[in-house]
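Input: a single structure, listed below in structure tokens.
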Amino acid sequence: MAGGEHGVNGQHEETRAMEEGSRDHQARCENSEQDGGSKSSSNNHPMFSVQFAQKVIAEILGTFFLIFAGCAAVAVNKRTGGTVTFPGICITWGLAVMVMVYSVGHISGAHLNPAVTLAFATCGRFPWRRVPAYAAAQVAGSAAASAALRALFGGAPEHFFGTAPAGSDVQSLAMEFIITFYLMFVVSGVATDNRAIGELAGLAVGATVLVNVLFAGPISGASMNPARTIGPAIILGRYTGIWVYIAGPVFGAVAGAWAYNLIRFTDKPLREITMTASFIRSTRRN
């Protein structure tokens, strides 16, 4: 009896040891899988990646060509006694915006404007952690374009291709707010709403810029873009009324984006207003 009881207990102890060993091995495997999964997840979404670097480069190049084309039209018009003409300048700005939207829109979203980037961020359509890099890229592109233009045409005051208030600062501030509101409202409609025809976004945004420059250019210069003003100001050393071209576009863009969001959906609560996108859906995955 005693011998048989010892054999059964020994078998039970061996069984328990095997079960405990199996549980320990399974736990180690699960921990290893979790660690590997977390590492893989962090590698898939790093703070800085090649993909994001490509977006930043696209913003630099897109802003460079936009500012170079638009400001070159202004500089050439002043140097040649008005051969480009004011309507020609307006058309140049509109076409430059349209071309850049179609060129880099599928890569970076073609913000090309710190006010647009900030407005998208406030609506939850662009990650806040990416805003400084985008804004720096846009200002850098504008400054590089301005430096190239200065090298080509010189920096004489009479050939100034930046923006400065033609009237009072308050008048220019109001004008910049309104035209940037208008621009961002259109951008939100044609570039972020699934119901809009996304393929026409570049045409619509470019046409809006053309119209804005046409009627606001003689008043404020129709900047609509802090980078458009800051770049030439840095290179040419002229900062007259620069605060107007930062405050006006920033507040106008944010207001325009939210105004469209308020009318985007009529059958959904406010908390769902900023949950869809079409043309800039790539920026939401950053």
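Cβ from N, Cα, C; glycine included.
Here Swiss-Prot flags 11-31 as compositional bias 'Basic and acidic residues'.
As annotated by Swiss-Prot, compositional bias 'Polar residues' applies to 34-44.
Among the features that Swiss-Prot reports, region 'Disordered' is placed at 1-44.
Per Swiss-Prot, transmembrane segment is recorded for 56-76 (among others). Remote same-chain partners of the transmembrane segment (56-76), defined as residues 6 or more beyond its termini with a Cβ less than 8 Å from a stretch Cβ, comprise 83-84, 88-89, 92-93, 95-97, 99-100, 103-104, 107-108, 110-113, 133-134, 137-138, 140-142, 144-146, 148-149, 152-153, 159, 161-162, 227-228, 231-232.
Per Swiss-Prot, transmembrane segment is recorded for 84-104 (among others), and the stated evidence type is sequence analysis. Using a Cβ-Cβ cut-off under 8 Å and counting only residues 6 or more beyond its ends in the same chain, the transmembrane segment (84-104) has close neighbours at 58-59, 61-62, 65-66, 69-70, 72-74, 76-77, 110, 112, 201-203, 205-207, 209-211, 213-214, 217-218, 222.
Positions annotated as transmembrane segment by Swiss-Prot, on the basis of sequence analysis: 131-153 (among others).
Proximity of distant same-chain residues to the transmembrane segment (172-192), defined by a Cβ-Cβ separation under 8 Å and at least 6 residues beyond the stretch ends, is recorded for 105, 115-116, 119, 125, 165-166, 198, 200-201, 204-205, 208-209, 212, 216, 219-224, 241, 244-245, 247-249, 251-257, 259-261, 264, 276-280. The transmembrane segment annotation in Swiss-Prot covers 172-192 (among others), and the record cites sequence analysis as its basis.
Feature annotation from Swiss-Prot assigns transmembrane segment to 200-220 (among others); the stated evidence is sequence analysis.
Here Swiss-Prot flags 239-259 (among others) as transmembrane segment, drawing on sequence analysis. Within its own chain, the transmembrane segment (239-259) is flanked in space by residues 113-116, 118-120, 122-123, 163-165, 169, 172-185, 187-188, 220-221, 223-226, 228-230, 233, which lie at least six positions past its ends and keep a Cβ under 8 Å from the stretch.
Beyond the transmembrane segment (200-220), the same-chain residues lying 6 or more positions past its ends with a Cβ under 8 Å from any Cβ of the stretch are 86-87, 89-91, 93-99, 101-102, 105, 110, 163, 165-167, 171-172, 175-176, 178-179, 182-183, 186-187, 189-191, 244-245, 248, 279.
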